[in-house]
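Sequence annotations record features per position, and here Swiss-Prot assigns disulfide bond to 37-115, 63-76, 177-184 based on similarity to another entry. What Swiss-Prot records for 48, 127 is site 'Transition state stabilizer', and it gives similarity to another entry as the kind of evidence. Taken from Swiss-Prot, the feature active site, nucleophile covers 126, and the record attributes it to similarity to another entry. Residues annotated as active site in Swiss-Prot, with similarity to another entry given as evidence: 181. What Swiss-Prot records for 194 is active site, proton donor/acceptor.
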């Protein structure tokens, strides 16, 4: 793996994928931990080098899409701060750190414990897809059952996991792998195609909403 190439490419993500300031303000990012329970909880793991908890590209875009469709009913929670989105963790055996995996598991568990009536949707971008894969497949069945859909952008474990998340229903997972994005082929070589996923966030939002559409959603106390 060429960590220098990965560093240079991912360092450009903020410039390549700007998000409107108002959208960033809407996105929050720590609303499960700090806010009240909502009928829908969105848990997201950002790409390497992205700042904040949700990042500044696909995470806020999907969060805001859900909030616009389900006004007042969505809490958005990013994985962090133990998940640091550092570059070196991409080279670990599970393509992210044990601390990141455990933190994501804890957030899913917290959503179920704190807000037992909430429905969970989730997502990840780049290294964040590994965080989602490695955490969700380890969750107990009662927590997995609360996760209604997962969207993965530039899935770094796509080849290893055969386009799915192990021990989780394949039909609940939507993988976005752009033509030419070599991270989806089991490498960590990052090229321009890896930075095109903002264009998929509208479809990804609709995918998640499709699993929520027929649920009885009421405002939680």
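Glycine is no exception: its Cβ is also placed from the backbone N, Cα and C atoms.
A count of other CB atoms within 10 A of each Cβ picks out 126 as the most crowded of the recorded positions 48, 126, 127. Packing around residue 37 (disulfide bond) is summarised by its Cβ count: 17 other Cβ atoms lie within 10 angstroms of its Cβ, all protein chains included. For the pair residue 37 (disulfide bond) and residue 76 (disulfide bond), the C-alpha distance works out to 11 angstrom.
Relative to the residue listed as 'active site, proton donor/acceptor', the recorded positions with Cα atoms inside 10 Å are 126, the candidates having been 76, 115, 126, 127. Residue 63 (disulfide bond) is surrounded by 28 other CB atoms, counting those within 10 A of its CB over all protein chains shown. The highest number of surrounding Cβ atoms within 10 Å, among the disulfide-bonded residues 76, 115, 177, 184, is found at 76. On a Cα basis, residue 177 (disulfide bond) lies 13 Å away from residue 127 (site 'Transition state stabilizer'). Annotation: 48 are the recorded positions among 48, 63, 76, 115 whose CA atoms are within 10 angstroms of the CA of residue 126 (active site, nucleophile).
Among the recorded positions listed here, namely 48, 63, 76, 115, 48 has its C-alpha nearest to that of residue 184 (disulfide bond). Cα spacing between the residue listed as 'active site' and residue 76 (disulfide bond): 27 Å, rounded to the nearest whole number.
Around residue 181 (active site), a 10 Å sphere centred on its CB holds 25 further CB atoms from the protein chains shown. Distance from the CA of residue 48 (site 'Transition state stabilizer') to the CA of residue 177 (disulfide bond) is 17 Å.
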